[in-house]
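What TrEMBL records for B:33-61, B:92-115, B:127-148, B:154-180, B:210-231, B:251-270, B:282-306 is transmembrane segment. Per TrEMBL, domain 'ABC transmembrane type-1' is recorded for B:88-298.
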């Protein structure tokens, strides 16, 4: 299947090389003796939505976490290969992890607002990067909440605890928080897994909207969602990238039998 | 096993669900036995507490008045007249000095263990910490005597004083605060710290502005239990502070020794005087009251702090 990967990558490369935001080269990730990610090669294009699909435990979340170095804190893990963000390897020693994570935002599976007020949740990302100008912070918080489609719902209770919001609102607050630092890439780890259909629909609309500002990479096991919002789709199985291609081809003409089985719900 | 032919004719008539009637009877009995055991364990465990409160009140109520907590002991033998103000003030000195050492050390090591340390070093530190909790308090007393009271150890030479006693108590308090702080931080969802790190916070920023605030209630409890543990210690004070029937004039050297309620009880009980025996029981009531008040007070403070911190 490595051949299939290479073919896919070549196709995209031929299209346009400047449009590539993240390039993953020969990425291997070990956790203890367990080979979690096996020789991953793929591209993410600028201002596109990519979905990584796969059954539980296939390594898709771990893969996402290698893109902003959240795996740094996992003890006993080892990573080889390269992740190039705008052509620079994020694992090289000169890269500042703090700046990398400002540039690569992340939204988690379950909404995880901090035990602070709604305002402080969004302002946190600005404050930890040393921004003290109150007016700037207020404007940016309002802007981000508006982007996340949450401002009208919370404008009267900005200084109430974030836990007073519903699950869907909390997740949108987390999105507002993630974009407050003005990242160019957004990583989303099953952002709608714990939400009801209405809240899910709102988030998916947001994601489709966000494409114009950010490169978005979503991990999901929901095939319908992936088909609806993503430009590119990838399929992980047992730590290997089985297939990665344009969503249209991916869902209608999968090249690999295993991908076909997965998207027709035979797993 | 007595498998019976009884079965419920529900659902699919071709399948049947075998019902073991005697087992159903037995499992209900087991449930009752377990409940009874748990309830009686609680009653047996709580009995000493109620007994102490009851007997201390029955014997000690005679002297329980405002004078008892507001005057210094006088008369002969000393304490036959007057109250226990020296011991109350002394406990305040000891708790403050011990907390000055144990709160930063304990919370610091607790945070290190739960957030910064590597697994292998952590397990060694945890083991040492638990060992420290297990060291008898009299051994701490001897250590405190050697290090703080005499010239022999590190040359502090504080004599028998509040500082020597308080620091020794601080060493007893530290491992408890460490253990409970670590547990308090562990109860916080990992997603908080991940969320903060993913936004580019350093570990210290995440700790200071998210973790410590979220764990504030638990950390307060850690300090509270540490204080409650040292407030009743006598053995370490035997070697480092002993007792003062008056108010201290300093915290080191001659005149630096302070009274202490637990120590006072120990001393009064050994005196051949009924009055002092009664007064010892009254002191028990006062000590229990302080423990109770401290508990309520700290809970209130922790509740308020959590409420206030939620706003920022």
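Here the Cβ of each residue, glycine as well, is placed from N, Cα and C on the backbone.
Those TrEMBL annotations? Automatic predictions, nothing curated.
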Top partner of the transmembrane segment (B:33-61) among B:92-115, B:127-148, B:154-180, B:282-306 - counted as Cβ pairs under 8 Å: B:282-306
Range from B:92-115, B:154-180, B:251-270 with the greatest count of C-beta pairs under 8 A to the transmembrane segment (B:282-306): B:251-270
Cβ-Cβ under 8 Å with the transmembrane segment (B:92-115): same-chain residues at least 6 beyond its ends: 122, 125-126, 129, 162-163, 165-167, 169-182, 184-186, 193, 203, 207, 211-212, 219, 222-223, 226-227, 230-231, 237, 241, 248, 251, 258, 260
